[in-house]
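Over in TrEMBL, the protein carries these features:
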- 35-133: domain 'Pyridoxamine 5'-phosphate oxidase N-terminal' (DOMAIN)
- Arg50, Val51, Val52, Val53, Ala54, Lys55, Lys72, Gln94, Trp174, Arg184: FMN binding site (BINDING)
- 161-203: domain 'Pyridoxine 5'-phosphate oxidase dimerisation C-terminal' (DOMAIN)
Amino acid sequence: MAGAAADTAAPADPLARLHTWWNEARASGAGVPDALALATVTPDGEPANRVVVAKRIDHAGIVFVTSERSPKGRDLAVHPVAAAVLLWPEPLRQVRVTGPVTMLGDADSDDLFAAHSRLSQAGFIVSGQGQPIDPAGLDELRRRTAEIAAGSGGLRRPATWHGYRLRPTAVEFWSSDPGRAHPRRRYTRTTPDGAWTVAMVQP
């Protein structure tokens, strides 16, 4: 199988491989390649999961954005760790990532904010992400978002809106095999700047 053969020649750096798989998923046009299932730990120690957008995958990890006042932002303020999963349908592949999460600086967060559409920027400004709202409030939220988006001049990133980076200490690659011998390769290290240890594991 091509996937198994490709796995044999996997690079020593898992983030290079993750970036390659991500680009291949985006080029395939199948599914939602940027969808990232992100699990955090609540202040009470309970697991919490949701799907966010992977804004960037590079040599340092996976970047996503959120408000520090959102449920996941509050989770990360107390427990700055996360587990994430990327799943792509063609070819069928999965990547699991775990590690600490750091908040990006203002310059990087400003760049990430600027990369969004004006309507999205307006939505970030208006939304009290994760806070209760009724149907009438949702209509008002929609109206205010449209009003701000239709205005003139640049929009400024809210002070509570940031980029975050998941810095992997474990990355596991899985790819489908028709004979059920699904290749799995696990990379681990003790710190985000440490050397990687690599092992094949049974499906």
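Glycine is no exception: its Cβ is also placed from the backbone N, Cα and C atoms.
What TrEMBL says about a protein is an automatic prediction, not a curated fact.
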* Asked: Here the binding-site residues are Arg50, Lys72; which one has the lowest number of other Cβ atoms no more than 10 Å from its Cβ?
  -> Arg50
* **Cα-Cα distance, maximum over Arg50, Val51, Val52, Val53, Ala54, Lys55, Lys72, Gln94, Trp174, Arg184, record's FMN binders, Å** => 29
* Residue counts (helix, strand, coil, in that order) that DSSP gives for the domain 'Pyridoxine 5'-phosphate oxidase dimerisation C-terminal' (161-203) -> 0 helix, 22 strand, 21 coil
* Asked: Three states by DSSP: which one describes Ala54 (FMN binding site)?
  -> coil
* Secondary structure at Lys72 (FMN binding site) (DSSP, helix/strand/coil)? -> helix
* Given the binding-site residues Val52, Ala54, Trp174, and counting only Cβ atoms in the protein chains shown, which has the most within 10 Å of its Cβ? -> Trp174
